[in-house]
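Take a look at the structure below.
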C-alpha cells in the first residue's frame, strides 16, 4: 500500500516537514503558520511551476458559529428527543447527551488538527484516502453521501412536522415542498449563500 507522504526532510524536533519558501529554500523562522501541507510538498515536487489550488474562505466567524448552533439544535433535538425523554426520563437523556457530546468533541478536535495541518479541498474522507487507503476513503465517502441522501428528507419532513404543530390546517406536503425549494435555492448561491442562509 503506497501513500503520497511528503518526501521533504523531516524535522527531528516536531516530526513535520520544514516550511519551504517559493524559491525552494527551507525557512524555519516563519513557524507553523507558513507550513505547507504534505499534499503541497508532493505537488511542488511533481510540477514546480503549478501552484496548488487555494481554499476559498468566504465564511466569516458569525457564519461558522451559526452553522455550529444549527447543527447542535437540529431536528433530532426537537422531534426525536421527546420520545426519548418520555421513555427514559431527564437524567438518562442528559447522561447520554454528555457521553455523546464528549465523543463528538474529541473526534472534532482530531479532525480540526488534521484540517489545520493538511488543508485540502474536499471533505473529511480525503484524509482517509491519504492516510489509510483509497478504497477505504471511497467507501466512507459513498457512505457519507448516502447518509445525506437519507438525512435531508428527514430534516425537511421534521421541519414540516414542526410547522404543522402551529398550522395543522395546511397539508404537511406543502411545507415539505417549501423547505425543499428553499434548500435547493440556497445551494445555487455557493458558500456565501449557504453562510447567509
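Yeah, the Cβs are placed from backbone N, Cα and C, and that goes for glycine too.
The compositional bias 'Basic and acidic residues' annotation in TrEMBL covers 24-33.
Look at TrEMBL and you will find 34-52 tagged as compositional bias 'Polar residues'.
Summarising the annotation, TrEMBL assigns domain 'Amino acid permease/ SLC12A' to 63-196.
If you look up TrEMBL, you'll see 1-56 marked as region 'Disordered'.
Annotated transmembrane segment per TrEMBL: 66-85 (among others), in sequence order.
Taken from TrEMBL, the feature transmembrane segment covers 91-108 (among others). Residues 81, 84-85 of the same chain lie 6+ residues outside the transmembrane segment (91-108) yet bring a C-beta within less than 8 angstroms of a C-beta in it.
Feature annotation from TrEMBL assigns transmembrane segment to 144-165 (among others). Nonlocal intrachain contacts for the transmembrane segment (144-165), taken as residues 6+ away from its ends with a CB within less than 8 angstroms of a stretch CB, comprise 74-76, 78-79, 123, 125, 172-173, 175-176, 179-180, 183.
What TrEMBL lists as transmembrane segment is 172-191 (among others).
Within its own chain, the transmembrane segment (172-191) has Cβ neighbours under 8 Å at 56, 58-59, 152, 156-157, 159-161, 163-164, 197, counting only residues six or more beyond its boundaries.
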